[in-house]
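Trainee: From TrEMBL, here are the annotated features:
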type	residues	note
TRANSMEM	21-45	transmembrane segment
TRANSMEM	57-72	transmembrane segment
TRANSMEM	103-124	transmembrane segment
TRANSMEM	136-155	transmembrane segment
TRANSMEM	167-185	transmembrane segment
TRANSMEM	191-209	transmembrane segment
TRANSMEM	285-304	transmembrane segment
TRANSMEM	310-329	transmembrane segment
TRANSMEM	350-372	transmembrane segment
TRANSMEM	378-398	transmembrane segment
Amino acid sequence: MKDGMSLWRERVGNYWNEAMRYLRLIANSGFLFTIYILILIGSSYYSQLLERLPENFPTLWIFTIIFALMLTRNKVRTFLKHPDIVFLLPYESQLNRYFKASIIYSFVWHVFYLFVVMVVLAPLFQLRLADEAGSFFYVILLLIIVKAWNMRVSWAEQRLQSESERISHTILRLFINLAFAYLVFTGAELLYLGGLFVLMLVLLFFYYVGLEKKLVLKWEHLIDVDERMVMTFYRIANAFADVPQLRGKVRERKYLRFAVDFLVGRKKTVYTYLFARSFIRANDYLGIYVRLVVIAAMFLYGFQINWLQAVLLLLFMHMVMMQLSTLWFHYDTNMWVDLYPINEDDKKEALTQVSFRLMLLMTFILFLVLLVSSPLQVSLLLLLIGSVFSYMASHHIIHRRKRRKA
């Protein structure tokens with residue numbers, strides 16, 4: 001068997017070689033340009049938004065909840081695969097360096113995410129919390145220390161037998177992290193923070209270390225966690241390129257049958273039905289669509305400048321269109337669908353119909369948001385712009401895009 005560190009470096013290298021190919025496709029797709037525009041717009045109006053915040057804005061609780069959740073979430077990339085249960089499990093005692101490297105690798109990424117979120121929220125922190133909490137780097141240092149504790153004990157929790165046990169331990173850590181974040185952002189005395197640190201150390205050495213000695217690693221669970229993390233990346237990449245490794249989990253979602261009927265409409269062809277069901281049930285198409293609509297609604301509500309709202313509307317609708325274009329390739333690896341006596345024009349028309357209805361639905365939802373935040377004339381104008389773009393995108397642009405991906 002290979003040395004543990006050699007095996008770890010090989011697997012990390014293989015993963016990043018593959019990931020970089022997809023990242024280059026994402027970079028060349030125009031998506032990063034869209035994100036860049038959103039960052040420019042957001043940074044331009046960030047200070048204005050801060051000035052408009054009311055005095056009773058719950059800054060403390062927002063920071064407490066956000067960072068408590070980030071501290072509690074501690075998934076470890078182990079780069080394990082299903083065959084490892086057969087070939088590596090007998091050598092678990094020789095893989096200590098392998099798993100330590102995985103924990104350190106994951107810890108560095110989690111610290112990076114913490115730092116990015118803290119930098120984004122830094123203006124709000126300086127405006128509302130810095131006087132009590134102290135300097136930016138002091139808070140970051142404390143967050144990193146507690147993140148290290150969370151990573152350490154979370155790894156011990158991976159040995160627990162059942163999901164319910166892991167959830168109960170996660171809830172315990174969440175309460176500890178909520179208390180810690182609240183104490184940090186209120187600028188509590190070191191005596192209180194020190195007491196909490198003592199409690200955390202007691203839990204580590206007198207409970208979690210014993211847990212590690214008593215229980216073995218649950219390899220099936222570790223592989224499942226790792227696969228879910230990889231699938232998340234593949235789902236994002238799948239919006240820009242065909243990802244053959246993507247193994248979508250199908251969810252039944254009986255409560256959304258009416259949505260399938262809405263997308264299929266009166267013209268019930270084979271592919272309209274297949275695309276509609278795939279959107280609702282497979283590969284998180286629905287989840288990404290809902291998240292983009294919600295984020296778009298928040299931006300449109302927050303930035304009440306007419307031309308800016310039009311730009312944001314088109315940017316988010318373009319991102320939705322990019323995601324919907326991947327429906328075209330969803331059944332490419334299913335040989336049974338190829339046996340259907342259907343020509344490509346019917347498939348093209350089905351994609352047009354489903355994407356047009358989804359983009360119109362998005363336009364209408366955002367129109368309702370605009371009615372609350374903007375004048376009626378502006379809302380109607382943006383409704384018209386969104387409807388025209390929905391037609392152009394679903395009938396023309398989306399088909400040019402899928403040809404480029406193919």
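Every residue, even glycine, has its Cβ placed from backbone N, Cα and C.
Curation does not apply to TrEMBL; its annotations are automatic.
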Trainee: Determine whether the transmembrane segment (21-45) and the transmembrane segment (136-155) share at least three Cβ pairs under 8 Å, counting only pairs 6 or more apart in sequence.
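Mentor: Judged by the Cβ rule, the two regions do not touch, with the required three close pairs absent.
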Trainee: For the transmembrane segment (285-304), I need the partner stretch with the highest count of C-beta pairs below 8 angstroms, choosing only from 57-72, 136-155, 167-185, 310-329.
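Mentor: Against the transmembrane segment (285-304), the leading stretch is 310-329.
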Trainee: So what's near the transmembrane segment (167-185) in sequence-distant terms, Cβ-Cβ under 8 Å and 6+ beyond its ends?
Mentor: 60, 63-65, 67-69, 71-72, 129, 132-133, 139, 142-143, 146, 150, 153-154, 157, 160, 192-193, 196, 199-200
